Amino acid sequence: MSVAPWGRLRHGFADRLGRLSASAVLSVKGWIRYSDIDSHLSYPSFWMFLSSFTSTVSSSSSSSPVGRFLVLQFQSFNSVAMALVLHAPASNKNALKALVAAEYVGVKLELAPSFQMGVTNKSPEFLNLNPLGKVPALETPEGPICESNAIARYVARLKDVGLFGTSTFEEAQIDQWCDFSSMEIYTGVARWGYPRFGMGVYNPEVEQMAILASKRAFECLNKHLAARTFVVGHSVTIADIILTCNLLFPFEQVLTKEFTASYPHVERYFWTMVNQPSFKKVVGKIIQTDGPLPPPPSKGEAQAPVPAQVHPQPHGRHTHKEKVPKQKEMPKPAEAPKPVEAPKPVENDDEEEAPVKKSKNPLDFLPPSPMVMDNWKRLYSNTKAKDFHLAISGFWEMYDPEGYSLWFCDYKHNDENQVTFVTMNKVGGFLQRMDFIRKYAFSKMCILGESSPYSIKGVWLFRGTEIPQMVKDECYDVELYDWTKVDITQEDQKALVNAYFEEPDEIQGMKLLETKCFK
């Protein structure tokens, strides 16, 4: 098909849209589904038709059901069919914004293969995308897009999944927090951390100003998140995606637990976000830095830049892996030079590499116990709520205090629990982040109180006689609770365990509002 028919087709739709019949809708739907459209993807006019069709007819067809249908059809086809290529390293923080947004909207976003910072972004091909040579750059059929926030917004708009709020006001708030996270959060920490890593001139006065600016920004964000799960509205928006990506470098490289402990709502928010499935699929496991920043370089001494951290890419999300050239070892001086042996031929080169055995969990090395966790979970799950007392009797029959332990937990900051859904989200996020211990733990978490502030309390069953060390190391939320080991010789404590399992109307004189079971 030539260029001209696409143009005539577009104008023909625009002129006759109001008079289209149902049969015309079926015809267009069939054309989209069955035509040999692949043969036309290389025509620029085809993409011009798709991109301009919806903008040409959207206003004129607002009152026409047929027009609205066609707009949706072509918007859907356009977003799925067009190829989007992101030019940036997979570990680039700014590239992650678009990659995470693509996961949320369900759009395929390809990473340019063999991208090397300092090489690829200086090539003529890349400079055609962004003359400044900055990454990332998004290549679309309509042309390139630069600036990471703009790229993330573009990707997030390809499908309407609620990433831009529910009103014009919320959309403006989303823009506000996108700018805040880039200009206040990230900029302050970057001015603080970059010089320490040799990526800038170190000046102690500038560093102190950057630390103060970072504290002001975190105080502002912490106050805003005190009664919120997300920065805008009641679900994830593009503002959350951009803000969380801007927090990755601070948490992984600069801000230790000692600093972030002063901002518990920011901590809760960050760990909730990075453990969302769409986030985790892209960024993998995040570990907060536990060491101080490197000392500032001495005067006149150059310090090597910090190596870019490569985030794990689970399940083959991105097939390209950056290769770091190995440094050749300098030969040691020897009294008598020895001839260099030729490398031995590699045998069975075509064979697959032997699979790496997964290391066992330390809890697997504990002495055997007559109690089997799965048996208890199965018993509790298969028991109806009205018969929980029967399951509880079975629990005490199988409970082994030498192989397992029970722990009460009580949230330290219950005075903050002013909003019901935010309180529920705290518990949900906690249990989500405890998923790694699911095989060795069981819990009933309860939200108590007839009115705010609500109390979060619960009971946990762990394999072993103490709270597993991995739980303390891996799950930040553990520090937000007071933990008390259950003494089963005390009848009142045993009765409280029964109450958590049985879900009565009141526990410890407080109305039972909501329960969540971890099993």
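One-based numbering along the chain as shown.
Placement of Cβ uses the backbone N, Cα and C atoms for every residue, glycine included.
Residues annotated as domain 'GST N-terminal' in TrEMBL: 82-163.
Residues or ranges marked as domain 'GST C-terminal' in TrEMBL: 167-293. In the domain 'GST C-terminal' (167-293), helix, strand and coil residues by DSSP number 93 helix, 0 strand, 34 coil.
What TrEMBL lists as region 'Disordered' is 287-364.
Summarising the annotation, TrEMBL assigns compositional bias 'Low complexity' to 302-313.
Per TrEMBL, compositional bias 'Basic and acidic residues' is recorded for 322-332.
The domain 'EF-1-gamma C-terminal' annotation in TrEMBL covers 359-519. Confidence annotation: the domain 'EF-1-gamma C-terminal' (359-519) carries a mean pLDDT of 91 in the model.
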For the domain 'GST N-terminal' (82-163), the DSSP helix/strand/coil residue counts are 31 helix, 13 strand, 38 coil
